[in-house]
Amino acid sequence: MLVLGPVLLEVNHVLAILVPGSVLVEGLFSRITFREPLFVGGAGNTTGLADKLPVEEGLKGCIRHLEVNDHVYNFNLAPLGDSIKGFDVVECKRNWDVIAEECKRNGDMIAEGCKQNGYVIAEECKQNVDGIAEEFKRNGDVIADECKHSGDLFAEKCKQNVDLFAEEYEYKQNVDGIAEECKRNVDGIAEECKRNVDRIAEECKQNDDVIAEECKQNVDVIAEECSADRCSKVPCQHGGKCLTSGDSSAVCLCPLGYTGDLCETKVDLQVPAFNGSSYLRYPGLGGSALSWLDLQMTLKPGTEDGVILYNGHRSDGVGDFMAVYMNDGHLEFTFDLGTGAATIRYTAWSLPVHWSSHHQVYSSGFTWALVMQPSGIHPGLYLGTEVATIRYTDGVYLGTGDATIRRSERVMSHCRSSERVTLGDWHELRLSRTGRLAILEVDDLPATQTMTPGAFTQLSLPQNLYIGGVPNFDMVSPKVRIRTSFVGCIQKVVINNQPLQILAGALGGVNVDNCPHPCVARPCGERGHCVPQLDYFTCSCGPGFDDPQCQQHAAPVLLDDIPVPRFTGDSFLHYSDPDTIRRIVSFRLNINMRFRTSSQAGLMLWSGRRNMTSSSDFLALGLAQGVLHFRFNLGSGEVDIPYNCTGVSDGLWHRVKAVRNEQEGSLVVDNGPVVTKRAPGHLRQLNTNTGLYIGGMDNIKHSSMDKYAGGLVGCISDLILDTDYHVKLVQMSTAGRNIKHCG
């Protein structure tokens with residue numbers, strides 16, 4: 001049996017399906033939920049199952065195809081397939097009962113022939129045996145020759161020949177039995193049959209000796225080269241899976257955290273590198289990319305072609321999908337909303353045309369190949385130069401000279417970088433899609449854009465998201481023209497302003513190694529996190545370290561010795577204790593804070609909800625363009641209270657008091673005037689679940705819905721909540737990062 005998930009079962013093209021209405025069950029429920037694994041071929045050792053099924057034994061036979069909700073299952077064990085485990089499952093062989101029945105029918109026919117004419121039977125038997133011997137001799141020669149030239153082809157040929165020998169040998173045994181039966185039952189021909197069979201037996205013996213020797217040699221070779229699984233010589237370690245390839249070799253697919261030919265080396269992954277057989281697997285984007293998508297990637301390609309990112313609607317490549325890939329040195333983005341194919345490629349409007357060279361011209365929804373062979377001087381357009389520039393709209397003026405234009409078929413909507421990216425260098429990719437419109441930017445090159453045809457605007461991607469490659473290109477839409485995986489490094493992926501934890505967030509992956517990068521040496525020590533930034537890095541240190549690289553040998557600053565914390569823009573302190581939370585999540589809140597900064601922007605205080613939306617509750621204090629803002633949303637609309645009366649980005653100490661009384665908010669700095677505003681709607685209580693952040697927070701841009709891009713650069717000395725709750729900033733924090741001493 002094999003253990004899978006719940007499936008819709010199709011066995012040898014006979015579909016097993018539960019048809020609603022064919023059987024009426026009691027009760028009001030109309031759905032069926034499966035929480036246990038699916039057993040294929042048998043029920044396993046499931047308690048109480050025997051009393052519920054009309055059969056007691058599992059299937060004795062073969063299952064060729066298994067499909068559930070348009071997902072075709074692969075019977076190989078994970079990660080190569082979908083099976084979790086199995087018991088007593090072997091490769092499906094030819095049905096020998098059918099062979100036996102065929103032999104019986106053949107035997108009856110031969111026996112009847114023997115009864116009619118023993119001489120004819122004997123002669124036919126002799127010819128058959130001679131033919132068998134000759135066939136095996138020829139097969140042996142072919143096998144030897146095939147083995148010499150191709151191990152893979154030889155293995156298949158050997159298998160076919162051995163199967164043929166088994167069938168023919170079975171036939172020979174039948175012939176012997178028929179001859180014996182003829183000897184006993186046919187009075188007139190018995191003696192003649194006996195003489196013929198004796199003669200045939202002697203010839204068979206001689207032939208069998210030759211066949212046996214040839215077969216023994218062939219089987220020995222097969223056992224050494226073919227039949228013995230090549231993976232038996234590749235003992236993958238640490239859960240690695242062996243995969244045979246078409247060039248008679250076998251490789252190990254190593255799980256995350258291990259590398260080497262046999263997955264024997266443990267690796268501390270920092271910046272992942274992909275080698276063309278690698279990939280990382282994540283939960284699919286699902287509905288988060290339904291109408292819009294914002295994607296940022298930092299990558300270093302090593303080859304001109306390869307799939308970098310793929311997410312699809314179905315496992316067979318049919319339906320909606322999106323893909324980012326390298327194609328002939330260009331970065332390309334392709335997506336399908338289900339409205340068909342059309343070419344909308346962008347390239348520079350000025351196209352240099354070199355004499356006697358091929359060039360691609362993208363126009364009118366078609367791809368054109370232009371070949372020019374000018375002769376002589378061409379006034380006007382070319383001016384006799386060796387390199388000309390053609391500007392075009394829907395057509396190309398060729399002037400004089402020899403030229404041809406070829407138009408190709410329409411292809412999928414996609415964006416393409418206007419220039420090739422350099423291999424071996426880091427590049428920044430930025431991609432945004434809203435409905436049918438997509439815009440692609442690479443480094444500082446001009447942006448390219450495309451719009452899909454038709455009326456569909458939503459992208460449905462329920463399948464897993466793959467980065468760096470895919471396990472099988474059968475799952476990739478045929479509209480993606482590249483059928484190889486990415487070779488290179490990826491150090492950053494941000495999806496909808498949410499940084500993807502490339503390694504920690506992966507559901508699985510194979511053959512991922514470290515990219516040559518300073519972070520691989522862990523320069524930030526055990527207490528710090530190395531953040532790659534192209535060829536360089538910065539360290540994100542825990543609270544209490546005053547060393548930029550968080551080194552253990554650097555003298556740490558004790559938390560009790562930081563009465564006034566300093567924030568660096570990527571620092572924060574977090575509070576999740578009950579006393580703080582009950583003051584934040586309430587109908588009223590009074591905040592009194594003393595701070596100083598020279599920065600024009602930065603988040604000072606935040607409490608919000610996980611997975612923020614435009615209607616989520618939040619409360620924030622922060623700087624924008626040198627102006628202090630008090631913002632909050634109680635669920636029925638946001639209110640923004642700016643304070644323009646006093647500048648605060650002067651490096652001096654200031655005291656701010658922000659008060660919320662249900663929907664009313666007020667803000668005052670130092671001894672200035674009070675500014676008030678009222679939140680819209682009728683909701684009166686703040687309901688947040690992230691705790692309280694001071695000085696910044698993780699993933700500020702995403703978590704604040706783009707209201708802030710960084711944290712405070714400066715110091716905070718006092719924080720009082722509700723007039724009487726004094727927060728000891730460092731000592732009472734439950735988490736923090738990059739906290740320094742304010743000098």
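Each residue, glycine too, has its Cβ placed from N, Cα and C.
Per TrEMBL, the disulphide partner of C541 among C530, C550 is C550. When the domain 'EGF-like' (227-264) is classified with DSSP, helix, strand and coil residues number 4 helix, 11 strand, 23 coil. Note: the Cα of C715 (disulfide bond) and the Cα of C541 (disulfide bond) are spaced 18 Å from each other. In this structure, the CA atom of C541 (disulfide bond) is 16 Å away from the CA atom of C742 (disulfide bond). The CA atom of C254 (disulfide bond) is located 32 Å away from the CA atom of C550 (disulfide bond).
The Cβ of C742 (disulfide bond) lies under 8 Å from the Cβ of I562, V564, P565, R566, C715, S717, each on the same chain and at least six residues away in sequence. Per-class residue totals from DSSP over the domain 'EGF-like' (516-551), listed helix then strand then coil: 4 helix, 12 strand, 20 coil. Take the CB of C715 (disulfide bond) and look out to 10 A: across all protein chains shown you find 19 other CB atoms.
A C-beta separation below 8 Å, combined with a sequence spacing of at least six in one chain, links C263 (disulfide bond) to C236, Q237, H238, G239, G240, C252, C254, P255. The disulfide-bonded residues under consideration are C254, C541, C550. Their Cβ neighbour counts within 10 Å are lowest for C550.
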